[in-house]
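Asker: Heads up, here are the entries from Swiss-Prot:
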type	residues	note
BINDING	Ser54, Thr55, Arg56, Thr57, Arg58, Arg105, His132	carbamoyl phosphate binding site
BINDING	His270, Cys271, Leu272, Pro273	putrescine binding site
SITE	Lys29	site 'Important for structural integrity'
SITE	Glu145	site 'Important for structural integrity'
Amino acid sequence: MMKKTDYITTEDFSKEELLKLVDLSLKIKACIKNGYYPPLLEHKSLGMIFQQTSTRTRVSFETAMSQLGGHAQYLAPGQIQLGGHETIEDTSTVLSRLDDILMARVERHQSVVDLARCASIPVINGMSDYNHPTQELGDLCTMIEHLPAGKKLEDCKVVFVGDATQVCFSLALITTKMGMEFVHFGPKGFQLNDMHKEELDKICELSGGKYTVTDNEDAIEGANFLYTDVWYGLYEAELSEEERMQIFFPKYQVDSQMMAKAGADCKFMHCLPATRGEEITDEVMDGPHSICFDEAENRLTSIRGLLVYLLRDYREKNPYDLVKQEKAKEELETFLKPE
């Protein structure tokens, strides 16, 4: 059996590995679009730990397991305590014996890191206060499907507008790793910080990607993809709605004027859920340049590929495993034979 692989951050994967994962995801998507559901996860069980509520993440993981022949178990907030009454070590050890793979959407990034360290099965980060790596994969699938004619990924410019959320940082990680140009256009005090920049510097040195952090709206010009997220994600408890609006509105609202400034062929992306009338207008969200609902569908696309990628590698059999399997099958059939 091969050593297990976790998916905690894309920083642990090479560009080639991530592109292979996306290629696998899109191939499975094509199969399903044509009516064939490959049973690649037959008899596999996914344990889903949620410290935070979710729509797209939960539905995508449950649907992915079901479509590929497996099963998902939803462990809701309050049903399981990571490091509470039971230690993370004990929780991960037990779930490793009951499931084939785990996904955790956690409040603190260290919780999913500790879970992966203690588990003997693969662990996926479904989002933490540090990053959102499954969103990254869906975004990469979407950008590849909507590449401008004649351009490669490394020719493209991606601009994130607004607050430095986990999604903003995750988008910066995946785009710079692909050798793309990334821009964070946001107000001072709500931009990617020195820790983020240190990580991005390391990636760009190897990939040839580049990034800019600015509050100058001219940085939007020439964008191939314009991306935004909600304005209250990180500061909901600290800032009132009125304070948030004073900081972000109207300069950082993606509207038709901003899209025009980016360029005629620019596509609009949003991780959802969106607050229409705040970070995004109805006109752009529902307009011809919006690919945010394709992006939402590709959460499922990429999660199918990720589950197969991690489980197929981890569960790869050798001839001795097959011999043991046949022997166990014979013993069970003998036991069940009527006397």
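A Cβ is built for glycine as well, from the same backbone N, Cα and C atoms used for every other residue.
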Asker: Over all shown protein chains, what is the count of other CB atoms within 10 A of the CB belonging to Lys29 (site 'Important for structural integrity')?
Answerer: 19
Asker: If you take the centroid of the Cβ atoms of His270, Cys271, Leu272, Pro273, the listed putrescine site, which other residues of that chain have their Cβ within 8 Å of it?
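Answerer: Same chain, not in His270, Cys271, Leu272, Pro273, Cβ within 8 Å: Arg56, Asp229, Val230, Ala274, Cys292, Glu295, Ala296.
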Asker: Any idea what the Cα distance is from Leu272 (putrescine binding site) over to Arg58 (carbamoyl phosphate binding site), rounded to a whole Å?
Answerer: 14
Asker: Select the most exposed residue of Arg58, Arg105, where exposure means the fewest other Cβ atoms within 10 Å, treating these as the binding-site residues.
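Answerer: Each of the binding-site residues Arg58, Arg105 was scored; lowest Cβ tally within 10 Å is Arg58.
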Asker: Among the binding-site residues listed here (Cys271, Leu272), identify the one with the smallest other-Cβ count within 10 Å.
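Answerer: So among Cys271, Leu272, the binding-site residues given, the one with the fewest Cβ atoms within 10 Å is Leu272.
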Asker: Can you count the other CB atoms that lie within 10 A of the CB of Thr57 (carbamoyl phosphate binding site)?
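Answerer: Thr57 (carbamoyl phosphate binding site): 21 neighbouring Cβ atoms within 10 Å.
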Asker: What whole-number Å value do you get for the CA-CA distance of His132 (carbamoyl phosphate binding site) and Cys271 (putrescine binding site)?
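Answerer: With distance taken Cα to Cα, Cys271 (putrescine binding site) is 10 Å from His132 (carbamoyl phosphate binding site).
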Asker: Work out how many Å separate Lys29 (site 'Important for structural integrity') and Cys271 (putrescine binding site) at their Cα atoms, rounded off.
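Answerer: Cys271 (putrescine binding site) has its Cα 20 Å from the Cα of Lys29 (site 'Important for structural integrity').
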Asker: Ranking the binding-site residues Arg56, His132, His270 by other Cβ atoms within 10 Å, which is at the bottom?
Answerer: Arg56
Asker: Taking Cα atoms as reference points, which of the recorded positions Glu145, His270, Pro273 is nearest to Thr55 (carbamoyl phosphate binding site)?
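Answerer: Comparing Cα positions, the closest of these recorded positions turns out to be Pro273.
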